[in-house]
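Peer 1: Annotations for this protein, taken from TrEMBL, read as follows:
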DOMAIN    377-447  domain 'J'
REPEAT    25-58  repeat 'TPR'
REPEAT    59-92  repeat 'TPR'
REPEAT    206-239  repeat 'TPR'
REPEAT    252-285  repeat 'TPR'
REPEAT    324-357  repeat 'TPR'
Amino acid sequence: MAESEVVELDLTIDDLVPKSPERLAEEKKESGNHLYKFKNYKGALAMYDEAIRLCPDNAAYYGNRSACYMMLGMYKKALEDAQKAVALDEAFTKGYIRVTKCCIALGDLSGGEQAAQRASELGGPDCVTSERRALESLRRLHEDAQRALDAGDHRRVVFCMDRCLDYSPSCTKAKLIKAECLAMLGRCQEAQEIANDCLRSDSFDTEAIFVRGLCLYFEDKDEQAFKHFQQVLRLAPDDKKAREIYKKAKLLKQKKEEGNEAFKMGRWQQALTLYNEALTIDKNNRTVNAKLYFNKATVCAKLNQIKEAAEACTAALELDENYVKALLRRAKCYTELGMFEEAVKDYEKLYKIDKSKENKQLLHEAKTALKKSKRKDYYKILGVEKTASEDDIKKAYRKRALVHHPDRHADASDNERREQERRFKEVGEAYGVLSDPKKRARYDHGQDLDDGCSGADIDPNVVFQTFFNRNQNHFDFQTGGFPGSTFNFQFG
């Protein structure tokens, strides 16, 4: 460039005069507003921070940053800024509206109503119409939840708290009320996740610590639960709820252990009494109560109270539907009680849970027992034991066949004659099966008599005549024998 050339700079007087903090703050605010408009809330937040650093007494800057925090879901910080804004400018209507919105999000109904009232006074009632509706809805939901809580309807409380959290996503109280009721419903994992989330924000939140302890107690983790309850009571010695549940938990553990000790010593009746006492302590502890009912069932089985044992297992399974030990014991009880269909259902569920070879065998045996139970009891029909010899079976048949033979009842009423014919046929079926070693073996093992010669296919008249080894077609019940027979039968 030649030395004689002159460089012209495009400068204004504003470029030569240093900018004031106020002007710089306004520029930062405008930059923040631009970023906010395009939903870059973190970028906007940094600009508002700069504006506030430059002019810490400007209510509008706090109002803008409050709006930014709200969009980021940081309602506590948003509330602090909104409150700072109205403290700097008592006529800042938007500031009071934001205070109202933040209080709703945080579940502070009282603070929200006060802020809404002030906003109405400054900007008219229409400026907070939706906020007032939200506050009214929240009030009704909390009242409904309290009624449900008093009635022990924990499902309803969870429903109400979920609706509250639609309005108040940052309400820790609503979250922990929901968590406590979830624990009461046995949904401890969900409850613990909520409590843990709250503790990340405040590690000394006694309600969250209590919920965690409650979950551990309901999961039968006594020592860990006790530590949580003790921590609550150290932080809040007057916490009545924690004190009561801690006392109840210790008593429940004591009774359960006393019952177990009595059982080990073989004092069945004492163990039963202790388990029954333990079951009255806390109906909400589903896990422990399920174990207590199973222990009770075990004792009842020792006392040969099979029906009571099955009922105790049912109570345990109502609390824990996949309680394998209770399912297995109830199936055995049902088998002993002759309730074979119920036993098969339990063994089917057991095998579905655990497809072991042992459970498969148990299911097969149960189905065999069910099949046997639905067949005619041929031993009972003949009036003999299952260990009866061939001679015992022959003697029994001879007696029963002659008692029920239709010719003997020729003069009876139609109903009586039909009944005797039915019994005569059953006696023939029974003898036809039990007198044949192969059929009897299959029958005893519950197998189908599928060779075309099942009991139902046997002609009782053929069996009768074959048995007595006569070709005559008529047995003379006047003489007690076949025509020409040299022996008679006497009827009792």
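A Cβ is built for glycine as well, from the same backbone N, Cα and C atoms used for every other residue.
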Peer 1: Before we move on, state whether the repeat 'TPR' (252-285) and the repeat 'TPR' (324-357) share at least 3 Cβ pairs under 8 Å, counting only pairs 6 or more apart in sequence.
Peer 2: no
Peer 1: Could you put numbers on the helix, strand and coil content of the repeat 'TPR' (206-239), residue by residue per DSSP?
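Peer 2: Its residues fall into 27 helix, 0 strand, 7 coil.
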Peer 1: Per DSSP, how many helix, strand and coil residues does the repeat 'TPR' (25-58) have?
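Peer 2: So the repeat 'TPR' (25-58) is made up of 27 helix, 0 strand, 7 coil.
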